[in-house]
Amino acid sequence: MELFDKVKALTEIQATSGFEGPVRDYLKARMVELGYQPEFDGLGGIFVTKASKVENAPRIMVAAHMDEVGFMVSSIKADGTFRVVPLGGWNPLVVSGQRFTLFTRTGKKIPVVTGGLPPHLLRGTGVTPQIPAISDIIFDGAFENAAEAAEFGIAQGDLIIPETETILSANGKNIISKAWDNRYGCLMILELLEFLADKELPVTLIIGANVQEEVGLRGAKVSTTKFNPDLFFAVDCSPASDTFGDDNGRLGEGTTLRFFDPGHIMLPGMKNFLLDTANHAKVKTQVYMAKGGTDAGAAHLANGGVPSTTIGVVARYIHSHQTIFNIDDFLQAQTFLRAIITSLNTEKVAEIKNY
């Protein structure tokens with residue numbers, strides 16, 4: 001399967017926080033196909049263990065997260081429209097005028113759009129449009145009233161997830177889709193598992209994907225406790241700022257070196273290891289000072305402290321229906337992660353942990 005087809009398959013899957021099943025099923029099928037036996041944590045994270053033959057080998061964890069941002073129905077109005085609570089961070093300005101799918105408890109899929117006030121209805125009112133609260137945005141399934149919505153099985157607690165088509169940009173260098181945060185990571189771990197399938201390593205690897213990252217790094221807390229790694233590598237996507245006049249995160253500039261974010265500071269040993277590995281592997285990198293967090297923020301606080309970092313890329317307009325990301329950035333990150341994993345051994349892990 002070509003890279004674009006893999007990206008398309010993963011990004012078009014609809015799976016939000018607490019409803020990661022469709023992505024988990026996809027990952028499980030691919031893991032089994034590659035000859036691995038996946039196991040699960042208590043919240044639904046999926047991982048495989050590739051054990052080393054080296055006695056007391058260090059345990060290295062590589063984790064994506066499966067969930068994308070979405071919404072949950074909080075109320076159904078008399079006119080048959082819905083109001084919601086967000087699952088993950090949303091800018092209200094990107095929500096209106098979009099298409100979604102509502103998933104009922106029985107698995108029925110209902111097309112839904114978000115309503116915006118047409119300019120015609122504002123003329124002569126003297127009203128200046130305001131930024132709406134998420135709780136005020138109209139989600140409309142075109143039902144006549146609440147009773148008809150109920151007949152179709154719609155209820156409070158149902159999930160609403162963006163619906164889009166993944167496409168290639170005109171120049172062929174970029175892809176436009178939803179959910180690259182974090183189907184990027186999901187594709188990275190599958191590609192890594194395929195790369196490592198016939199390799200023996202001096203470290204034991206735990207590779208997979210967490211749940212509920214977008215609502216507070218919840219899955220990482222559980223999985224890191226369960227698998228007890230010596231080092232933790234999150235693979236995640238962050239927002240690019242290049243179209244907003246900021247050099248912090250630019251498309252086409254390679255994988256990110258994330259020395260700092262609000263929930264995590266990279267330890268000196270890890271920083272030195274990443275810089276040396278990137279230089280040796282001739283990987284294109286960019287320093288990224290993040291304003292948000294990744295699962296590394298939860299993992300590094302687990303089990304008495306786990307040196308952690310994030311192997312990432314940036315994308316424009318994340319947490320929306322239309323994200324733009326660079327194909328070569330993905331390939332640079334892929335090369336970097338492979339170099340990292342194949343460089344690790346007992347001595348190197350001890351060096352990284354020697355703060």
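Every residue, even glycine, has its Cβ placed from backbone N, Cα and C.
Residues within less than 8 Å, Cβ to Cβ, of His65 (divalent metal cation 1 binding site) and separated from it by at least 6 positions along the same chain comprise Asn182, Gly185, Ala209, Asn210, Val211, Gln212, Glu213, Glu214, Gly219, Ala220, Asp236, Asp295. Residues or ranges marked as divalent metal cation 1 binding site in Swiss-Prot (evidence: similarity to another entry): His65, Asp181, Asp236.
What Swiss-Prot lists as divalent metal cation 2 binding site is Asp181, Glu214, His319, and the listing cites similarity to another entry. Counting only same-chain residues six or more apart in sequence, the Cβ atoms lying under 8 angstroms from the Cβ of His319 (divalent metal cation 2 binding site) belong to Val69, Gly88, Gly89, Trp90, Asn91, Val94, Asp181, Pro239.
Mapped onto three states, the DSSP output places Glu213 (active site, proton acceptor) in coil. For Glu213, the entry in Swiss-Prot reads active site, proton acceptor.
Within 8 Å of the centroid defined by the CB atoms of Asp181, Glu214, His319, the record's divalent metal cation 2 site, lie the Cβ atoms of Asp67, Glu68, Val69, Gly88, Gly89, Ala179, Asn182, Ile318, excluding the listed residues themselves. One residue stands out among the binding-site residues Asp181, Asp236 for having the most other Cβ atoms within 10 Å of its Cβ: Asp181. With every protein chain in view, the residue among the recorded positions Glu213, Glu214 whose Cβ has the most Cβ partners within 10 Å turns out to be Glu213.
A Cβ within 8 Å of the Cβ centre of His65, Asp181, Asp236, the residues given for divalent metal cation 1, is found for these other residues of the same chain: Ala64, Asn182, Tyr184, Gly185, Glu213, Glu214, Ala234, Val235, Cys237, Thr294, Asp295.
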